[in-house]
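Remarks on the structure that follows.
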Amino acid sequence: MDKNENYLINLSQKHSHELEALRPYAEENNVPIIHPLSLDMIKQLIRIHQSRHILEIGTAIGYSAMHFASVNEDINVWTIERDETMQKAAKENLANYTYGSQVHLIEGDARETFEAVEDLSFDMIFIDAAKAQSQKFFELYTPLLRKGGLVIVDNILYHDFVADIEVVRSRNVKQMVKKIQKFNTWLNDHPDYETNFLDIEDGLAIAIKGESK
Ligand code: SAH
Ligand code: MG
């Protein structure tokens, strides 16, 4: 790990939050939960932006969703997960923490669950599911994002491969990395959004929907 990242992770008492009890399970089972500094960044954005209605695509074990809910008791998070093992783990975890009552799990493939949230309006959408599908999720769900709302996308630098695709050997990974590259360019050029791409951990994009759009 990068020296500076390591220093900052060690610096902060925030990383002894009670939800950190979920991190060992995720690590042992290769569940790709969000990295600590990216999480801190998003929680700070929630405070600055005063986001109250958040949509998450990719729940996994409910770790990031509960962390977002922990910022403020007025926050509600709707979160979509397609994998049955993850759904089960998420339900158990949501039942074990008070923040769990602010989190609404939607079980299904995010490409097919639009109707579960179509009557809602969101202040923030966090896209953290299948990386090749980020653009699909963006196009499907951003009609529900209010003007001035944020879209945050995790893993936009995917394992340092997005900036250096030549080192990728696996054909499948290469395909996925190409899709991320295309998505980043598409998002950067999107006329309705101003986007900031950050080189923290696995890369984070923060897009804001224009007030006039
Ligand atoms: N946001 C979580 C980590 C999510 S990992 C955290 O930081 O704590 C990505 C998850 O997205 C996996 O659990 C995977 O099953 C789920 N996923 C991938 N594609 C999906 C899709 N099309 N619809 C719903 N969930 C999906
Ligand atoms: Mg992620």
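In case you wondered, yes, glycine gets a Cβ from its N, Cα and C as well.
Other C-beta atoms found within 10 angstroms of the C-beta of Asp109 (S-adenosyl-L-methionine binding site) number 13, with every protein chain shown included. Summarising the annotation, TrEMBL assigns S-adenosyl-L-methionine binding site to Ile34, Ser64, Glu81, Asp109, Ala110, Asp128.
Marked as Mg(2+) binding site by TrEMBL: Asp128, Asp154, Asn155. The number of other Cβ atoms within 10 Å of the Cβ belonging to Asn155 (Mg(2+) binding site), over all protein chains shown, comes to 23.
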Ser64 (S-adenosyl-L-methionine binding site) and Asp154 (Mg(2+) binding site), compared by Cα position, are separated in whole Å by 11
Checking the binding-site residues Ile34, Glu81, Ala110, Asp128, Asn155 against ligand 2, those whose Cβ falls under 6 Å of one of its atoms come out as Ile34, Asp128, Asn155
Across Ile34, Ala110, listed as binding-site residues, the smallest other-CB tally within 10 A is for Ile34
Near Asp154 (Mg(2+) binding site) (Cα-Cα within 10 Å), the binding-site residues in question, chosen from Ile34, Glu81, Asp109, Ala110, Asp128, are Ile34, Asp128
In chain order, residues whose C-beta lies under 8 angstroms from the C-beta of Asp128 (S-adenosyl-L-methionine binding site), counting only those at least six residues away in the same chain, are Ile34, Glu56, Ile57, Gly58, Ser64, Val153, Asp154, Asn155
